[in-house]
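K.L.:
Quick one: structure below, then a few questions.
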Amino acid sequence: MAALVGRRARDVLKRAHFATVLRRHRHKKKWAATEPKFPATQLALQNFDMTYSVQFGDLWPSIRVSLLSEQKYGALVNNFAAWDHVSGELEQLNARDFVSEAISHGEPEPESGQTTTPPQASGAYSPNLRCFTFARGDVSRFPPARLGSLGVMDYYLMDAASLLPVLALGLQPGDTVLDLCAAPGGKTLALLQTGCCRNLAANDLSTSRTGRLQRVLRSYVPQDIRDRNRVRVTSWDGRKWGELEGDTYDRVLVDVPCTTDRHSLREEENNIFQRSRKKERQMLPMLQVQLLAAGLLATKPGGHVVYSTCSLSHLQNEYVVQGTIDFLANQYSIKVQVENLTHFRKLFMDTFSFFPSCQVGELVIPNLLANFGPMYFCKMCRLT
Ligand SMILES: C[S@@+](CC[C@H](N)C(=O)[O-])C[C@H]1O[C@@H](n2cnc3c(N)ncnc32)[C@H](O)[C@@H]1O
């Protein structure tokens, strides 16, 4: 009986709806047929609510609202443009270079009669990087980058937290550097800005994305500098790198594909939470272990690797690092040591919010006053 009433009510409603629409205007809404029943962004949020509420406890509601709000950018100054002029213009906007501020605040006062080794000389962070951000709570936006007088763009807009893995890599002049998953190229550009690369291999599996990387390099780095830094762009499977060029590099950046948490909550296109990509998503930690292992095998003994993701997931962050270190010890008898980044975190805690309880590495968590990240990074030294 109840079912009959329900059906009748639906019929009446249907007729009432059609009665108000002229026949020639009656059509099925196109989007109703094409729009997915469960948008991937929604599935991502459900997934994060389940896993991150356990992982982050009381911190999750504030991280969640920040992830769903507009993110903040940083302006990485192009040292190959007239950088003092660009810096002046950014200062006029009330932005500040968070890198030089952090470093000048963090430098220890030398005691009288004593000389201290500056942290930069000990490889604590890569030199010559300038990145402007607006102060905590200031949600101003940077105007788009412009072509400077030297024929290259004046700055590159990026999530300022993306600079931390490059800073942590601690480049030294004359280093041979590999950027294993490089496209679209924000971090490759930052590596070149340090002026330290004797040669730089920038690789990405995707040829369309290495095309974007090439465009970024052409727009920001003059040809003679690209030649001097011997920049080589390739589109190989990074997992094979250890076999191709083992024990070769001083510094390796392994910025792996991940669930790109912020992107997954905003964009349907290319969203890893689409149902059709479930297997790919489940296989991510495995791919990440393989890429990190390849990066470590490509490093010279004594060289350094930074592993990074833009995900909050422990499974893609700390577990991958620990799993890879165990794998290399068991399969190759290679010893890898995780480096302590506490000093590094302290340097940058005025600009970013860090998760206080990482077992290995550091994690920038989104915060409404400093809405950068997520960005996980862990620095390792290959000992043997
Ligand atoms: C997080 S993005 C890299 C972002 C880049 N480092 C930047 O700062 O602009 C991860 C990249 O890994 C690439 N990738 C996925 N699988 C790969 C593989 N097996 N080998 C090398 N690159 C891979 C993807 O095409 C994607 O561009």
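A Cβ is built for glycine as well, from the same backbone N, Cα and C atoms used for every other residue.
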K.L.:
Of the candidates ASP204, ASP224, ASP227, ASP247, which one does TrEMBL list alongside CYS181, ALA182, ALA183, PRO184, GLY185, GLY186, LYS187, ASP237, ASP255 as binding S-adenosyl-L-methionine?
P.N.:
ASP204
K.L.:
Could you state, as a whole number of Å, the largest distance between Cα atoms of any two of CYS181, ALA182, ALA183, PRO184, GLY185, GLY186, LYS187, ASP204, ASP237, ASP255, the listed S-adenosyl-L-methionine binders?
P.N.:
20
K.L.:
Taking the Cβ of ASP237 (S-adenosyl-L-methionine binding site) as the centre, how many other Cβ atoms fall within a 10 Å radius?
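P.N.:
Within a 10 Å radius of the Cβ of ASP237 (S-adenosyl-L-methionine binding site) lie 12 other Cβ atoms.
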